[in-house]
């Protein structure tokens, strides 16, 4: 190529790069120039901006000699929407064949495969890009892909999730001011939380990463997936006010995505049904309730009543039977409560298994049991003992509605004694988390 031609090609590429950068800036900073009310138009506006950009790129290219970089930029422009583009796949595949060291083309091609649902090929692209050059985009994308790879065993999936956290941390280390890296680290911790028995320390790390994403990058606050994923964690931790707020914000930012609205509605219905059942004690008639409570026996405490109870630290201890009304917020160590089930409530998500417990004429308490298999449950009239109950008082206000109740959180059915009997290990399952894979 002659010097003049080289200069011309360089000038063309600079112009193309500028057009593509402007297109991505339009998409990523959309809510800095538009209000949340315009959220429903965003996809259409981005599509129109993409078409305009492609037209301008054609004019700039003219009869200039096409090379890998130009193919990559055109493929990247086509890849700006959330949808899979076959044309982008063709252009980017050509670009990496012409210039295998072109890391950005590998990253873009990986994203195309990701949108196509071909997770294995996406993984190959991002891993391949990292062999050419360590870069934060490949690390971010690899972190996402690892959590979606098909595996033959739970152990293999756990290894992928741990690796996903590692890659996200590396991305953060490369640029601590990149909000996307922090957001992806939050998602990796979210998966780890559900994959390793819901350790509160890990949920705190997820929430901190999401907060950091918003702190370093204003655009992160406009990401509906961040709000939905954080709300999922809040819901599981029974911070219902924050969960409702998150679902509502995600729905406002992406009105055409039905999931946030559905999740907000489901949670509101759950809280409404729960508070109604708690107030009416499961609609149990006073005479029936007296008869149920009269049949409670010390034998119903099982191992919680004979000094055989083993605490989390492994030591055997005697628990003191106390009324529900005397419980303090938090874990009530050295205490056991015993009551009768007056209702149970299942949700579409099946988690938690919720039931109402009474032990006197006092109020009815919600008991929320996590990590249960679908076949497990308790029946109305069952006697249930809960050792070292973890109490929480809820005061929730959302969109003009108030919900107020007290609940006891039980991490596994194995902690409960039902009708004097400890629960079988087959009653326990582990929780999973679902996310919108192509939209991290």
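Glycine is no exception: its Cβ is also placed from the backbone N, Cα and C atoms.
When Cβ atoms from all protein chains are considered, those within 10 Å of residue 203 (phosphoserine) total 19, not counting its own. Annotation source Swiss-Prot lists phosphoserine at 203 (among others).
Taken from Swiss-Prot, the feature phosphoserine applies to 221 (among others). Around residue 221 (phosphoserine), a 10 Å sphere centred on its CB holds 15 further CB atoms from the protein chains shown.
Positions annotated as repeat 'TPR 1' by Swiss-Prot, on the basis of experimental evidence: 7-61.
Residues or ranges marked as repeat 'TPR 2' by Swiss-Prot: 68-98. With a cut-off of 8 Å between Cβ atoms, the residues of this chain six or more beyond the repeat 'TPR 2' (68-98) that come close are 12-13, 16-17, 19-20, 23-24, 27, 43, 46-47, 49-50, 53-54, 57, 61, 104-106, 108-109, 111-113, 115-117, 438-439.
Positions annotated as repeat 'TPR 3' by Swiss-Prot, on the basis of experimental evidence: 103-130. Residues in the repeat 'TPR 3' (103-130) partition by DSSP class (helix H, G, I; strand E, B; coil) as 26 helix, 0 strand, 2 coil.
Within its own chain, the repeat 'TPR 4' (136-174) has Cβ neighbours under 8 Å at 103-104, 106-107, 110-111, 114, 119-120, 122-123, 126-127, 129-130, 180-182, 184-185, 187-189, 191-192, 195-196, 437, 440, counting only residues six or more beyond its boundaries. According to Swiss-Prot, the repeat 'TPR 4' annotation covers 136-174.
Look at Swiss-Prot and you will find 179-216 tagged as repeat 'TPR 5'. Per-residue confidence over the repeat 'TPR 5' (179-216) averages out at a pLDDT of 94.
What Swiss-Prot lists as repeat 'TPR 6' is 224-253, and the listing cites experimental evidence. Among residues of the same chain six or more beyond the repeat 'TPR 6' (224-253), those with a C-beta under 8 A of the stretch's C-beta atoms are 31, 36, 39, 183, 186-187, 190, 193, 198, 200, 203, 206-207, 210, 213-214, 259-261, 263-264, 267-268, 271, 351, 368, 370, 392, 394, 396-399, 403, 407, 409, 431, 433, 435-436, 439-440.
Residues or ranges marked as motif 'Nuclear export signal' in Swiss-Prot: 13-24. For the motif 'Nuclear export signal' (13-24), the list of distant contacts is 49-50, 53, 56-57, 60-61, 69-70, 73-74, 76-77, 80: same-chain residues at least six beyond its ends, Cβ to Cβ under 8 Å.
Note: the CA-CA distance between residue 203 (phosphoserine) and residue 221 (phosphoserine) rounds to 19 Å.
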